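Everything below concerns the one structure shown next.
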Amino acid sequence: MRNTPTILHLDMDAFFASVEQASKPSLRGKAVIVGGLGPRGVVSTSSYEARTFGVYSAMPMAQARRLAPNAAYLVPRFGLYRSISEQVMALLRELSPLVEPLSLDEAFVDLEAGGTAWDEGSARLAGAKLRADIRAVTGLTGSVGLAASKMLAKIASEQAKPDGLVVIEPGTERALLGPMPVRTLPGVGPATGDQLRRAGIATVEEIAEAGEDELVRLLGKAHGHALYAMALAHDERPVVAERETKSVSVEDTYDVDIHDRVRVGLEVQRLADRCVRRLRGAGLSGRTIVLKVRRYDFSTLTRSETLRGPTDDPAVVREAAARLLDSVDTTGGVRLLGVGVSGLADYTQEDLFAQAAGDLADAAPEEAVAEPVEERPAVAERHWPAGHDVRHAEHGHGWVQGSGLGRVTVRFETPGSEPGRVRTFRADDPGLEPADPLPLVPGGAEGGGGGPGAGPVAVRGSG
Ligand code: DCP
Ligand code: MG
């Protein structure tokens, strides 16, 4: 392991919500919640103001509405988030060829490999300059962690949140990690956390004290060995430059074969949820759901189902995986299960259209994507998803604050303006049309598109 804090981890603060606040002056400093607004929607993220009400990622939207009834509720605009993400990743690539994105808003950078930093002082400067550049180009804040390993760099950026920079000096890692809960370590999810707790191990220090043999006994060879090394702050994983993602999948091997069919079903649901979290984290959706089953005798089966359109909806992936499981005989016992999604697509405006139409038609959003045939009339009609940009012939650029009962309420403001006024129109008002997002920093978007609020942001088109 190197002995300089030259691995950088960047994580943007409340990413989707911060983009919405930068885009909509009236929402700055306010509770903003982004996610699926349909009956089974979940929270993608919440602004820090909304977090004070206890609203967090992955919470059911209905619960969020109870906790924060006065927050602004918006549907995600993935095209916009992706274009901002590309600006941020471009700044990272100026620092080093070794940039490893983990999701739209998160990446590791090996500063030493880029010749950008060689000791603590130069690393600190590079981190501070990066944060300033991100703010100048995107108007957003990101938190930076610097350490001698990926694990510690990620812990550092978590400590830096929001809007900060933390350096973990080499040599101090073990003292820092010791009192932290075991869940801090990569690879420790709720299940492993429970298992360790039952063995009386709650902190990283207690893992180190338990010793490697005990860990291997508890968690199996590979996991136990890896976790023990992490607890001693040994993390040699290199920063790996971006590769094209072909599929997203997760799998679990069980120490004891699972025989109970109900339990197998529950594990598949859990894996489906985990897979979707990863998919969403990467800003992707996919059409083909894959189930992998390794049986007691090591025979391995894969089954797949292709939907009509890409999805990132946990309910859709769960249901498809359950259907696939129906066709697999598991009576002898199962030693490994996996769920994957392939046929990946970037989120497109069309996806959002379908989803929003589903919301308006008061149906579960996934039905608009996964159900066979049957055109919904609402898709052809005009609809106005909450948070999307519009332009009015007379009043100019604004965004949809709400719609329903044949009306649409628009707030007229732009990223560079003062908070704007609200007006209500008929949903079929001929002067009103959907618009592309404007650059968050007036004139700051790449391509230098003229004066304040000039051209629309380049949103990557559908594939
Ligand atoms: N995301 C999502 N569903 C989740 C988790 C995240 O759609 N269950 C999306 C929305 C987030 C983005 O991914 O804005 C980045 O995820 P982070 O975990 O980095 O969360 P935030 O950036 O929102 O907040 P933080 O400041 O804690 O990083
Ligand atoms: Mg983030």
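Cβ coordinates come from backbone N, Cα and C, glycine included.
Annotations in TrEMBL come from automatic prediction, not curation.
These come from TrEMBL:
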| type | residues | note |
| --- | --- | --- |
| ACT_SITE | Glu106 | active site |
| BINDING | Asp11, Asp105 | Mg(2+) binding site |
| REGION | 413-463 | region 'Disordered' |
| SITE | Phe16 | site 'Substrate discrimination' |
Neighbour tally for Phe16 (site 'Substrate discrimination'), based on other Cβ positions within 10 Å of its Cβ: 27
DSSP-derived structure type at Asp11 (Mg(2+) binding site), helix or strand or else coil: strand
Entry from the recorded positions list Asp11, Asp105, Glu106 having the most other CB atoms no farther than 10 A: Asp105
Pairwise CA distance, Phe16 (site 'Substrate discrimination') versus Asp105 (Mg(2+) binding site), rounded so that it is a whole Å: 9
